[in-house]
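Read through the structure below, which is laid out as structure tokens, and then see the notes.
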2 protein chains.
Amino acid sequence: MDLVFLGTSSGTPTRARNVTGLALQEDAGKAWYLIDCGEGTQHRLLRMPLSLHDLRAIFITHVHGDHCYGLPGLLASAGMMGRRHPLEIIAPAGIADWLQATLRMSHAWLGYELAFHAVESLGEWRSLNMRVAATALSHRVPCYGYSFTEARPDPRLNIERLERDGVPRGPLWGQLARGFDLEHEGRTLRSEDYLSFTRAPRRVVIGGDNDRPPLLAEACRGAQVLVHEATYSQTLVETSGNTFGHSSAAQVAAFAQQAEVPNLVLTHFSARYQPGSQRGHSIEEIRQEAATAYHGQLFLARDFLRLRLGKDGVLHEVEPT
Amino acid sequence: MDLVFLGTSSGTPTRARNVTGLALQEDAGKAWYLIDCGEGTQHRLLRMPLSLHDLRAIFITHVHGDHCYGLPGLLASAGMMGRRHPLEIIAPAGIADWLQATLRMSHAWLGYELAFHAVESLGEWRSLNMRVAATALSHRVPCYGYSFTEARPDPRLNIERLERDGVPRGPLWGQLARGFDLEHEGRTLRSEDYLSFTRAPRRVVIGGDNDRPPLLAEACRGAQVLVHEATYSQTLVETSGNTFGHSSAAQVAAFAQQAEVPNLVLTHFSARYQPGSQRGHSIEEIRQEAATAYHGQLFLARDFLRLRLGKDGVLHEVEPT
């Protein structure tokens, strides 16, 4: 599983960081998921090996513009590139109405179907290889984190049962192994009845904007990676006296340490943390503060960063090819 | 007067060209006007010496997404940067409703006022230094071109009249010279009554998407510059058999030649005209086709191109500083 950071700035873009967008790519095949879609996300994709044809679903954490204003343009471009298969969007209910109104206003014809799911009543969303659950967070507007869990980690066919049930060896076995349910001689054969999994599923938890990281405690159980905003340093929060519904690096780090998540990726940094900032704020403030409280593997996201989570649960940076 | 091209691609962004955005900057002072605002326009501005504090008004040619999807993010960023003075938006009426709905949906608080003018009933829009008129064009949806004419080209005070009317020499004269009307001893002194202009005003005509360039004939009278889309070459149009409401390079060139506009800037090129395009289309096809029919000064726009129209009516490229 790869995480590809498309935007790591909070609120407004800077020259180095775009507003929020994050791709999660299945390691098998090219299917990927987009979590948040700030303005300019489609521009970032032009520079990455991620095609809008292979985009499986979009998850939006909340309605603030820096997390969703890129949706109409990205959807329109997918249509112009010839996408024809449906696209699922999991988002706060208000996003669906706004997107439809936007496409109508601009006379956009997508050429493919959009299927909306309101995150408020999501339960679990599933694709062939991924199960996704939402967790309500705490922000100035309703906001959700998404936990991505592998649905079928290294599946193995239960041959004994296949033979007992009289399923003939051949293509049917292959389809069941790839996760497809089948109709066969008037019976429904359910893939999951014939598969067992040979290792624990990988899990990545992606927080939205959130000033109470412990709300993700349950989601983080068994997770190898937590991606969470750290908009400010705690020092800055204490000076300004306002968090605007965001977390400080110290706060997230303390939670991740307590939750025993082995990998923590911080992102969504205030625009004041810029290379060569005139105002004397360096992203190293964030790193140092987090490293003091958190002793697992710490990453500070930057645009175009690709992190790979191996089947062994180890997370490491992958250089662009 | 400077023209700064922020996006020169039609429909979707490419790695080299963003979707449509064009800045027109007054040569005196830093005030500027934005014509169209495709997604990512605010990102382009981060790389140009154009501040959202100095943006005087935004003009939108039509509702297609590649001309307006960048509005919400640009307006939100202007607010976050501390803009407090009102901003005028001249656009098709549908844009105003959509923008308000978008800001409401995303809980965006701008911190400054938006003043909308429906282009359908614009008449003339005026700022201190610029008069802007709209021309209805021909496209798949209602679309408008905008003509920018200097309002006060090198004003000279009519001293004889000032003295005759008993206006005391000093700051009042200065204010009248800068274009401000005044109240003085119970009388309204109108700047234009005390000014004469020492040369013809410069005029730049900026077309929107349009398949009938001659609709701009009246607007182009006395204009030094026409900026017009040339989405395709005529050769391509004849092969594909569909213009999608756009102009070919040959069509625009023939019109500009006939209208005797001394400078023609082509823009809004189909994404197929890319450097190193696999499909064998080169932007040089556009240039050659236009140069065959048009014998004035021809420019093909590219992102970040700055063109300066001198008081002498000569247009030339300015290198970025």
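In case you wondered, yes, glycine gets a Cβ from its N, Cα and C as well.
TrEMBL entries are annotated by machine, without manual review.
Annotation source TrEMBL lists Zn(2+) 1 binding site at A:His62, A:His64, A:His139, A:Asp209. Taking the Cβ of A:His62 (Zn(2+) 1 binding site) as reference, residues of its chain lying under 8 Å away and at least six apart in sequence are, in sequence order, A:Pro92, A:His139, A:Val141, A:Pro142, A:Cys143, A:Tyr144, A:Gly208, A:Asp209.
Under the heading Zn(2+) 2 binding site, TrEMBL lists A:Asp66, A:His67, A:Asp209, A:His268. When other Cβ atoms within 10 Å of the Cβ of A:Asp66 (Zn(2+) 2 binding site) are tallied across all protein chains shown, the result is 28. Look at A:Asp66 (Zn(2+) 2 binding site): DSSP puts it in a helix.
The annotation active site, proton acceptor is assigned in TrEMBL to A:Asp66.
Proximity to chain B (Cβ-Cβ distance under 8 Å) holds for none of the binding-site residues A:His62, A:His139, A:Asp209, A:His268. Minimal Cβ crowding within 10 Å, among the binding-site residues A:His64, A:His67, A:His139, A:His268, is found at A:His139. The distance from the Cα of A:His268 (Zn(2+) 2 binding site) to the Cα of A:His64 (Zn(2+) 1 binding site) comes to 13 Å.
A Cβ within 8 Å of the Cβ centre of A:Asp66, A:His67, A:Asp209, A:His268, the residues given for Zn(2+) 2, is found for these other residues of the same chain: A:Ser10, A:Gly11, A:Val19, A:Thr20, A:Asp36, A:Gly38, A:Thr61, A:His62, A:His64, A:Gly208, A:Glu229. Other than A:His62, A:His64, A:His139, A:Asp209, the residues of this chain whose Cβ falls within 8 Å of the Cβ centroid of the Zn(2+) 1 site are, in sequence order, A:Thr61, A:Val63, A:His67, A:Leu137, A:Arg140, A:Val141, A:Cys143, A:Gly208, A:Asn210, A:Gly245.
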